[in-house]
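Engineer: Take this structure, written in structure tokens, and hold onto it; I'll ask about it next.
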Amino acid sequence: MTEQYILAFETSCDETSVAVLKNGQELLSNVIASQIESHKRFGGVVPEVASRHHVEVITACINEALAEAEITPSDLTAVAVTEGPGLVGALLVGVAAAKAFAWANHLPLVPVNHMAGHLWAARQVKPLDFPLMALLVSGGHTELVYVAAPGDYKIIGETRDDAVGEAYDKVGRVMNLTYPAGKEIDALAHQGQDVFNFPRAMMKHDDPALEFSFSGLKSAFINTVHNAEQKGQTLDKKDLSASFQAAVMDVLMAKTKTALQQFPVKMLVVAGGVAANHGLRERLAAEITDIDVVIPPLRLCGDNAGMIAYASVCEYNQGHLAGLDLNARPSLSFETLD
Ligand code: KG4
Ligand code: ZN
């Protein structure tokens, strides 16, 4: 049997990453160059800065990924790349690099949806079983996706406003935490109590059962902090974090359980940057016991090219290839029609 080696690129936001995947399951390398240090002082990702960093490090990332995997370009079967969603200028660097590499080495080019990448990171744990339900929670997206078969994605519920990760980062800023604040709030939450009882949105009987909303929670949090400041009080960050996290997790758990009731599936995948959250992992383990719950390991929850490589396998097998006219698609969704 000839071996299959895929070289994958991910540059949709603030991580430049290149990976090599062998035979759809063995991640031989997954080089991740983070730009977080450059964006921290701005409290968020500056698109222009992100693009420049990608250009600076992408060639070194390719060389390192190949070297670590101990292969040469002639061993490769295909090149995969995130085409969207993400920042247009950032995506374009990966797309241009992948196209150039594929052209120079006469390799097929496989375009990949970034959110499908987050989902397929779970393949690192075990083979995925279909149909499956995915709760995808990242800095830009919060969605429940029904996956009938590999490559067949249907969004059955999503956020109407802020994504979960975005809400974490925004309330983190109010508490003067450094960006991105999710991990620190998670740690603080474990040392505090849910004393503020922030609103759990979209949970009333006549609300859409699978839709999310986090902007009201964010506003309630900010108002609570500002009102206290006006009275000269400083609230305990541990209790604020615990209260915020409890409100988020109550909603995520309730919606996920409803989705599982409405759509019988063989597996639940929870993925994306916020899937690194320990509070979420604890609640999933305690409350969803009648179905297999698969969460990627921590290093594959944030953006990385390994997850893009995993997602590219079913696209490649189904012949979903791109030409050298491939462009970045910043607003790409599972629902986007070709
Ligand atoms: O998936 P990701 O790396 O990038 C996007 O595609 O958006 O997600 C980044 C998001 C950030 O908002 C970050 O604060 C959040 O994931 N995050 C967390 C945790 N670790 C990262 N949120 C909550 N708890 C965590 N432990
Ligand atoms: Zn992401």
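Cβ atoms here come from the backbone N, Cα and C positions, even for glycine.
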Engineer: Which of Asn23, Asn30, Asn63, Asn277 does TrEMBL put in the same substrate site as Leu136, Val137, Ser138, Gly139, Gly140, Asp169, Gly182, Asp186?
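Structural biologist: When TrEMBL describes the substrate site, the candidate it includes is Asn277.
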Engineer: Among Asp292, Asp303, which residue does TrEMBL annotate as binding Fe cation together with His114, His118?
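Structural biologist: Within the candidate list, TrEMBL flags Asp303.
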Engineer: Taking the Cβ of His114 (Fe cation binding site) as centre, how many other Cβ atoms lie within 10 Å?
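Structural biologist: I count 25 other Cβ atoms within 10 Å of it.
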Engineer: Other than its own, how many Cβ atoms are within 10 Å of the Cβ belonging to Asp303 (Fe cation binding site)?
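Structural biologist: So the Cβ neighbour count for Asp303 (Fe cation binding site) comes to 27.
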Engineer: Can you tell which of Gly140, Gly182 has the most other C-beta atoms within 10 Å, given these are the binding-site residues?
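Structural biologist: Compared across Gly140, Gly182, the most Cβ atoms within 10 Å surround Gly182.
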Engineer: Measuring CA to CA, name the entry from the binding-site residues Leu136, Ser138, Gly140, Gly182, Asn277 that ends up nearest Asp303 (Fe cation binding site).
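Structural biologist: That would be Ser138, nearest by Cα distance.
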